[in-house]
Amino acid sequence: MTESAAPSPRCVAAILLAGGRGLRAGFGRPKQLEWLCGKPVLRWSLDVLAGYPGLSGGVLVANHDVMAATYPLPEGWMAADPGVERQQSVANALSALTDWPDDAVVLVHDAARPGVDSAVVDRLLAALDGADAAIPVLPVPDTLVEAADGAAGAVVARDRLARVQTPQAFRLGTLRRAHAEASGAAATDDAQLVRSLGVSVATVEGDARLHKLTYAADMAILAGLLGTKDMMRTAVGMGYDVHRLVEGKPLWIGGIEIAHSHGLEGHSDADVGLHALTDAILGALGDGDIGDHFPPSDPQWRGAASHHFLSFAGERVAANGGRIGHLDLTIIAEAPRIGPHRVAIRDRIAEILAIPAGRVSVKATTTERLGFTGRREGIAAQAVATIQLPET
């Protein structure tokens, strides 16, 4: 967790919870990083909250993968580690706000509700003029029944029920006390903990656009609610790398080790495939090349595994609000034969970048015994990366 930052005089902070695993959504990666109408789900909430005029700072609670894809954080924001449960994640964020006074206001919001806007925040802050806590709610439109063993029971009166959303607003001291006295109670939101103190929680009008992303089908619902079309441009980058073959070294190509009498010589593990892909992605971003970010003059990269370089390039795509559309890698070698390893290489590249294997193509060719590759002096690789980036 980063050190606490001193608050500004207005003392309004946000806690953005993005530490959930999202298993029910079934995306194969954190749902906060899924693409929604032109940018990752997490970015919808982060951009609105960080841009809110009355906000003095914030805490993003997220695991390493999500944090790396979101770097750099907005000015005034800090990072905190997630807990096993939501309640612990909020407690970790509160620890990052140690220097903030009890009369400060804190907004607690779930990143899985990307439709937050300034209007609902305005209503919440206004409600705190006469309360220690406020939450957005919507009426329940459906008929509700008790259900058990596959049978419908009595109808539940809905006129006294409401759907609770986030963000939720609290006086910081009240929320601190609620978490301190929670004693491990499992609460689904922070208002539940605050109510256990006997504190009245005000309600304000919610927003249908604060629909929660829980299942994969919710993506289509949110896309319709947010009413924004993808405004993306396609960028293409090319990469090329070559290394000399030397006897007695391990041979790494495309992130896997291949049994061979010779290996590639270089400052790192000399993986020509991953180096070419890294340069192709960085080229599409207009973000220099592998030597700019991992200079061979830097001893920390001596013997380094090249998957670190490719992973970095993928994180840079995400940090720029982009996504990898397709990668095409060609290995140029007389020996060893690459064909038997193509699937393993493809799958390893997809694993490193956390993208579907169908977005990766791996091919191999020779130079018909011509040139340095034909003489088995070295191996070359060339790559093309196609990525989508937000229009600027």
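Sequential numbering from 1, following the chain as shown.
Using N, Cα and C of the backbone, Cβ positions are placed for all residues, glycine too.
The annotation 4-CDP-2-C-methyl-D-erythritol 2-phosphate binding site is assigned in Swiss-Prot to Asp241, Val242, His243, His267, Ser268, Asp289, Ile290, Gly291, Thr365, Thr366, Thr367, Glu368, Phe372, Arg375 on the grounds of sequence analysis. Positions annotated as divalent metal cation binding site by Swiss-Prot: Asp241, His243, His275. According to Swiss-Prot, the feature region '2-C-methyl-D-erythritol 4-phosphate cytidylyltransferase' maps to 1-235, 1-234. Annotation comment: Swiss-Prot describes 235-392 as region '2-C-methyl-D-erythritol 2,4-cyclodiphosphate synthase', evidence class sequence analysis. Taken from Swiss-Prot, the feature site 'Transition state stabilizer' covers Arg24, Lys31, His267, Thr366, and the record attributes it to sequence analysis. Taken from Swiss-Prot, the feature site 'Positions MEP for the nucleophilic attack' covers Arg158, Lys212.
Features recorded in Swiss-Prot, as mapped to the structure shown.
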| residue | record | DSSP (3 states) |
| --- | --- | --- |
| Lys31 | site 'Transition state stabilizer' | helix |
| Arg158 | site 'Positions MEP for the nucleophilic attack' | coil |
| Lys212 | site 'Positions MEP for the nucleophilic attack' | coil |
| His243 | 4-CDP-2-C-methyl-D-erythritol 2-phosphate binding site | strand |
| Ser268 | 4-CDP-2-C-methyl-D-erythritol 2-phosphate binding site | coil |
| His275 | divalent metal cation binding site | helix |
| Ile290 | 4-CDP-2-C-methyl-D-erythritol 2-phosphate binding site | helix |
| Thr365 | 4-CDP-2-C-methyl-D-erythritol 2-phosphate binding site | strand |
| Phe372 | 4-CDP-2-C-methyl-D-erythritol 2-phosphate binding site | helix |
Confidence summary for the region '2-C-methyl-D-erythritol 4-phosphate cytidylyltransferase' (1-234), mean pLDDT rounded: 86
For the recorded positions Arg158, Lys212, His243, His267, the one whose C-beta sees the most other C-beta atoms within 10 angstroms: His243
Distance, Lys212 (site 'Positions MEP for the nucleophilic attack') to His275 (divalent metal cation binding site) (CA atoms, angstrom): 40
Among Lys31, Arg158, Lys212, Thr366, which are recorded as recorded sites, the nearest neighbour of Asp241 (4-CDP-2-C-methyl-D-erythritol 2-phosphate binding site) by Cα: Thr366
Alpha-carbon distance [His267 (site 'Transition state stabilizer'); His243 (4-CDP-2-C-methyl-D-erythritol 2-phosphate binding site)] in Å: 10
